[in-house]
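Feature list (source: Swiss-Prot):
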type: ACT_SITE; residues: Cys243; note: active site, glycyl thioester intermediate
type: BINDING; residues: Gly76, Asp97, Lys120, Asn143, Asn177; note: ATP binding site
type: BINDING; residues: Cys219, Cys222, Cys296, Cys301; note: Zn(2+) binding site
Amino acid sequence: MSNAIDELQAIIAELKSELEEQKTCTRNARERIERMSAEVVDSNPYSRLMALQRMNIVKDYERIRDKAVAIVGVGGVGSVTADMLTRCGIGKLILFDYDKVELANMNRLFFTPDQAGLSKVEAAARTLSFINPDVRIETHNYNITTVDNFDKFLSTISESGMQQGQPVDLVLSCVDNFEARMAINAACNENNLNWFESGVSENAVSGHIQFIRPGDTACFACAPPLVVAENIDERTLKREGVCAASLPTTMGITAGLLVQNALKYLLNFGEVSDYLGYNALNDFFPKMTLKPNTQCDDRHCLQRQKEFQERPKPVLQQVEEVSDEPLHASNDWGIELVADDAPVAEQAPKATDTANVASGLRLAYEAPEKEAVDQAGHAAAGDGMPETSLEDLMAQMKSM
C-alpha cells in the first residue's frame, strides 16, 4: 500500500514540475504582434521576411497571415516543415498525427529528449507556440486512415480554414506510409484541394516533393507505387528489429524544398515545381510534370479531370512584332538611326594604308588623302588673309 502511495506522490511531483515548466515558458514567450512591420530593429521578428517586398520578390508578404495550412504527419519532415512555416508567420497550422515522441526520434530534427512520451502534435504545438505566438495552431491526435477518422479529417480540411466553414489553403503530406497518402489523396480529390506529397527513401539518401492539382496533374492514385498497385500490406514488409534509415540532413533538405514551394504557391512568386526530387549521392535534382491518368481508380479524380477539361483555357496575349526598320531614316543632320543589333557595314581600308600595318592589326580610322588636305588648306587661306611668303613675314617682324 505504501509503495502505491509513493508512486502516486512521485507522479504528482512530476506533473507539478511539468506544469511549472510550462508556466515558465508561457511567461518568457513574447507578446503577440498584431501587424507585420518592415522596421529593422532587433525586436522585430519579421523584418527580414518583410525585406522580400523591398527586394521585389514578394508583392505583399503579410498575406501569409491569411493562409491556413494542414500538415499530416509530424515526424522527421513534418515537424521541420511546421517549424519553418511557423517562423515564416503562417496564419494557421493544423497538425495531424497519432504517434508519440520517442528517444528513437532524436536523430531527427525539432523534438527534444524531455518531450519523449508526449504525443507528437502536443509536443509540436508547445514548441511552435513558444517560437511564434502569432500563429494559430490546431492539433488532431488520431489516425486518418480509419473509416470514422477519415470523415473527421475530410471535414476538418474542408471547414477549418482561416474563416470557419472555409477550406484550408493547402495540405502538406509528410507521412511515411502509402495508406495515409492514399487517404490524403482521396480527401483532396473529393474536396478539390491542392496539396503537396513528400517523402524520404528508406535508405535516407533521396527525397522528393510532388505538387498535385486535382484534374490538372496526376494524383497519387493515377500512378501508384508498386506496394499500392499490387495491394501489398506494408506491415508484412517490416520485420522485427529492422527499420528504415533516416538522416536529419535529407529530411531537412526535403522539408526545405517543400516549404519553399508552398510559400511560392501561397504568396504567388516564382515557379512552383510539379515534381522535384533529390539524390544525396550525386546532388541530383530531377524535375518533371506528371499528367493525370484517364483510367484512374479514383472516381473523384476522373470528375476533376472532366471539370478541368471543360474549364476555359487562358487566352495568350498576342505580342506585336517590333520592326527592325529605323524610326527616323533621314533628318536635317544626315544621321541614320538603326537598331543596336543591326549589322554595320565596314569599309575596307585601302591597300596603300594597310601596307605598313602589322598582321592582326587594323586602322582605327581612315586618314584623309593629301590632296584633300592641301585643297582644304588653300581654301581656308583664300577665305582669310592674303598669301605672304616666309621671308616677307621675317622682314616685317624685324622692322617692328
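Here, residue 1 is simply the first one shown, and the rest follow in order.
For all residues, glycine too, the Cβ spot is worked out from N, Cα and C.
Here the features listed in Swiss-Prot are placed on the structure.
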residue : record              : DSSP class
Gly76   : ATP binding site    : helix
Asp97   : ATP binding site    : coil
Lys120  : ATP binding site    : helix
Asn143  : ATP binding site    : coil
Asn177  : ATP binding site    : coil
Cys219  : Zn(2+) binding site : coil
Cys296  : Zn(2+) binding site : coil
Cys301  : Zn(2+) binding site : helix
- Per-residue Cβ crowding (10 Å cut-off), top of binding-site residues Cys219, Cys296, Cys301: Cys219
- Within the same chain, the residues at least 6 apart in sequence whose Cβ is under 8 angstroms from that of Asn143 (ATP binding site) are Tyr98, Asn149
- Message: Distance check, please: Cα of Cys296 (Zn(2+) binding site) against Cα of Asn177 (ATP binding site), rounded to an integer number of angstrom.
- Response: 20
- Item | Rounded Cα-Cα span from Cys301 (Zn(2+) binding site) to Asn177 (ATP binding site), Å | 21
- What number of additional C-beta atoms lies within 10 angstroms of the C-beta atom of Cys222 (Zn(2+) binding site)? 21
